[in-house]
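*Asks:* Sharing the record's features from TrEMBL:
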ACT_SITE  67  active site, proton acceptor
ACT_SITE  136  active site, for ring-opening step
ACT_SITE  138  active site, proton acceptor
ACT_SITE  143  active site, for ring-opening step
DOMAIN    9-226  domain 'Glucosamine/galactosamine-6-phosphate isomerase'
SITE      146  site 'Part of the allosteric site'
SITE      153  site 'Part of the allosteric site'
SITE      155  site 'Part of the allosteric site'
SITE      156  site 'Part of the allosteric site'
Ligand SMILES: N[C@@H]1[C@@H](O)[C@H](O)[C@@H](COP(=O)(O)O)O[C@@H]1O
């Protein structure tokens, strides 16, 4: 696992957007797995700016979703489908055809989960999967004690995650669905490159456990330790509880520029 400590969220967004741009230059039809939440917004803004400036052609990029609320209408402004279309697909100048996600409105949710789990490898597999992290260490919506081998499935949100996400629902926890579909941890680990961005002091404990703690289902993001190409980008605040922070800074400062993320 590579840990990169950046000054702030903007710097993290720029660094990851450049890695995504470099991937698209090598592989124009790359399948990019995107995450929701507030953390990845600087990445999407920086990538869209590169597209507008002509620094990268994203016209053949494909986008896939990590997770989805169950039961929200697809056109609800806070369904993750709507969020990803608004924050990623449209700003990159792509059409909804280039986008895939699990169907949170399906009558047979289990079948929808299995279909999405099969659709990802059928599309050639995810080239780069962006991840945020919940305050409890969740990735996607894999709450603590999710199996590290889990596949795309339905999960029940913890009270903490519903409280955290209520800000997207007028601050009203009652509007936050209880159930979600999420790529499983085993599914996420199949992506070729995992890139997790965490910013702010509120993520410092989860980051320290992810990077320096034991691999444990209690901290789902710690599964990144099992992946051969995982990059964790953190700002100074989110890095504040890392014991090896100086080592990570030293390693990155001395990394050859050609290596990229
Ligand atoms: N399912 C999403 C996660 O993918 C995201 O990482 C997390 C953190 O969100 P934020 O970046 O807003 O803190 O929120 C939700 O639970």
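Glycine residues also receive a Cβ, built from the backbone N, Cα and C atoms like all the rest.
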*Asks:* Pick the one among the active-site residues 67, 136, 143 whose Cβ has the fewest other Cβ atoms within 10 Å in this structure.
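*Replies:* Counting other Cβ atoms within 10 Å of each of the active-site residues 67, 136, 143 gives the minimum at 136.
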*Asks:* Enumerate in sequence order the recorded positions 67, 136, 153 whose Cβ-atom distance to ligand 1 is under 6 angstroms.
*Replies:* 67
*Asks:* Note down the number of other Cβ atoms within 10 Å of the Cβ of residue 156 (site 'Part of the allosteric site'), including every protein chain shown.
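*Replies:* Excluding its own Cβ, residue 156 (site 'Part of the allosteric site') sees 13 Cβ atoms within 10 Å.
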*Asks:* Filter the active-site residues 67, 136, 138 down to those whose C-alpha lies within 10 angstroms of the C-alpha of residue 146 (site 'Part of the allosteric site'); answer none if the list is empty.
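*Replies:* Qualifying among 67, 136, 138: 138.
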*Asks:* In angstrom units, rounded to an integer, how far apart are the Cα atoms of residue 153 (site 'Part of the allosteric site') and residue 67 (active site, proton acceptor)?
*Replies:* 10
*Asks:* Just name the most isolated of the recorded positions 138, 155, going by other Cβ atoms within 10 Å of its Cβ.
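*Replies:* Lowest Cβ count within 10 Å among the recorded positions (138, 155) is 155.
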*Asks:* In whole Å, how far is residue 143 (active site, for ring-opening step) from residue 156 (site 'Part of the allosteric site') when you measure between their Cα atoms?
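*Replies:* One finds 8 Å between the Cα atoms of these residues.
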*Asks:* Along the domain 'Glucosamine/galactosamine-6-phosphate isomerase' (9-226), what average pLDDT does this model show?
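*Replies:* Value for the domain 'Glucosamine/galactosamine-6-phosphate isomerase' (9-226), mean pLDDT as a whole number: 97.
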*Asks:* Where residue 155 (site 'Part of the allosteric site') and residue 138 (active site, proton acceptor) are concerned, what is their Cα separation in Å, rounded?
*Replies:* 12
*Asks:* Three states by DSSP: which one describes residue 156 (site 'Part of the allosteric site')?
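*Replies:* The residue in question, residue 156 (site 'Part of the allosteric site'), is strand (DSSP, three-state).
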*Asks:* I need the CA-to-CA distance for residue 136 (active site, for ring-opening step) versus residue 143 (active site, for ring-opening step), whole Å please.
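*Replies:* Distance between the two Cα atoms comes out at 8 Å.
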